[in-house]
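One structure below.
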Amino acid sequence: MINISFPDGSIKQFAKNITAYEVANAISMSLAKAAMVAEINGELQDLSIVIDNDCKLRILTAKDPECLEIIRHDAAHLTAEAVKELFPETQVTIGPAIENGYYYDFARDTPFTTDDLAVIEAKMQELSQKNEQVTRELWDRDKAVEFFKSIGEHYKAEIIASIPAGEPITLYRQGNFIDLCRGPHAPSTGVVKHFKLMKVAGAYWRGDSRNEMLQRIYGTAWATKEQLDSYLLMLEEAEKRDHRKLGRELDLFHFQEEAQGMVFWHDKGWSIYNTIEQYIRKKIRKNGYTEVKTPVLVDKSLWEASGHWEKFRDDMFALETDDKTLALKPMNCPCHVQIFKQGIKSYRDLPLRMSEFGLCHRNEASGALHGLMRVRSLVQDDAHIFCAAEQITDETVSFCKLLTEVYKDFGFTDIKVKFSDRPEIRAGSNEVWDKAENALKEAVEQAGFTYTLNPGEGAFYGPKLEFVLTDAIGRQWQCGTLQMDFVLPERLDASYVAASGEKKRPVMLHRAILGSLERFIGILIEEYAGRFPLWLAPVQVAIATITSDLNDYALEVQKALIDNGVRTDFNISPDKINYKIREFSNQKIPMIAVIGKQEQKNKQVAIRRLGTTDQEVLSVEQLIAVVKEENEKYL
């Protein structure tokens, strides 16, 4: 007999060689019917797994969040099965679960069409309703390679041949379809009920542009119809808010082929950019940061010394000149260390908080570029804190508070923290890592955050915090980071004189709040759906005259607003007032100042705020005061 421990703390005895499914059935038939996979000693397994030793067991159903990835992986296999039934000449390659769904890559001569997706999805529904049994099989490597070659699946044969010797070769069979997979999977295809195929895109085999182009079908799958419908509704709303679409409509920026991944900022977009930079500059000055500016083009010797040349060379833009290799900086940290090293630093100089709106360049693949969200030229609200080990907690607490203030000012209050601890391969002793991790954990708790752990996901040079925002339609964006670094000060020979007189290495905290300004502006455009708050809007007040004989007064009002730092636009054309109001509303300008004869007579304006038909009559001085008060809160 074996002892099986359950999540409620109970321990029950069962005969050896019992399957997880049989245990579930012994507990209740309803549990066995709903069961998808088993968690045995913390590891997810198929329900068919044979249990022959004492263990901790948890039976998972579709209600458990861990099963969402299983459902999506199952949906990927279901997609491949449907494609093979409909288009048998197609070769299958790989199909993992990803955030919000899955994809499967196929090799075929004829591209899939939108009509094909509808047919494939219908076939998937049919296969789901068949509720085909899914079984796991262990195969001999050579036999598996020969089998897939014999049925024309050469990509699968190549994958199997590349699996290290000694690793098991597991295949999963459902109906007439068989696929290479580690698993686990649910026991039948019927668990995949709520799904939709989204689009087809190109993808290179093994992600290498030198290889052949495959066709990638993207899909989404959920545990319930309500979840699927909610997700599709969110996508519909996201499409309306797409920053690329709004960027064109609101005349904020554009991209073009001659400068891929580089933003052409228009005056209104550049206004938003500069306002955010001004806001951040005020915040960091209040929090004891100095601001610096470092070169964009730096000799490769510095990147070699820092380790970036070895690690990021393929992502860097480099050029040869005067027998030297220069590189556009992909990040600011090595340059900040050079400033720290100018002159002798004492423990009294620490913590030293050094910030920069640093222009960086990264050679992103053209296929990865995505509007403002993924660019090749970017400016980071970057800072590095040089401190002693005993100052880590206080500095992290201060940073968390600053970050919270900033996010709140932009309207983000739902902030999640991810904590990435030591990886297997790392620099520094366990004692150093213990102290570093404990310092960050203590700081996060002091700042009032809870965190989720990403085990082993820290950099080799130190643990990391990531700050994730949730936007108005429920999407999550990782923006802020705080990365501890024991290694770069050592590599670049940064030191300070301790109170004892000995030379010590500072700890370096890499931190950013917004990430890149480009990406954060993209997030804000979608968060606000283009309706920027008054202090941030590129045009704060638009002036519209009812008749042309009021134009002189309108120009007086505009001059008064501009003289007081209010960003304005005006329309004194002979167009009808309703047209002018509609046009300014479409441009999502927060305040429209309507001028009629009464307003001219009383030296006033009638203010209509975006999204309302109500009007509020103000003197020009009152209007200026309203805008100034809002600006001064943030700027």
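The backbone N, Cα and C atoms fix where each Cβ goes, and this holds for glycine too.
According to Swiss-Prot:
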{"type": "DOMAIN", "residues": "1-61", "note": "domain 'TGS'"}
{"type": "REGION", "residues": "242-533", "note": "region 'Catalytic'"}
{"type": "BINDING", "residues": "Cys333, His384, His510", "note": "Zn(2+) binding site"}
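When the binding-site residues His384, His510 are compared by the number of other CB atoms within 10 angstroms of each CB, His510 has the fewest. Neighbour density for Cys333 (Zn(2+) binding site): within 10 A of its CB lie 20 other CB atoms from the protein chains shown. In three-state terms derived from DSSP, His510 (Zn(2+) binding site) belongs to an extended strand segment. Within 8 A of the CB centroid of the Zn(2+) site residues Cys333, His384, His510, the other residues of that chain are Met331, Asn332, His336, Asp382, Ala383, Gln483, Asp485, Leu488, Met508, Leu509, Arg511. Helix, strand and coil residue tallies for the domain 'TGS' (1-61), in that order: 14 helix, 28 strand, 19 coil [DSSP].
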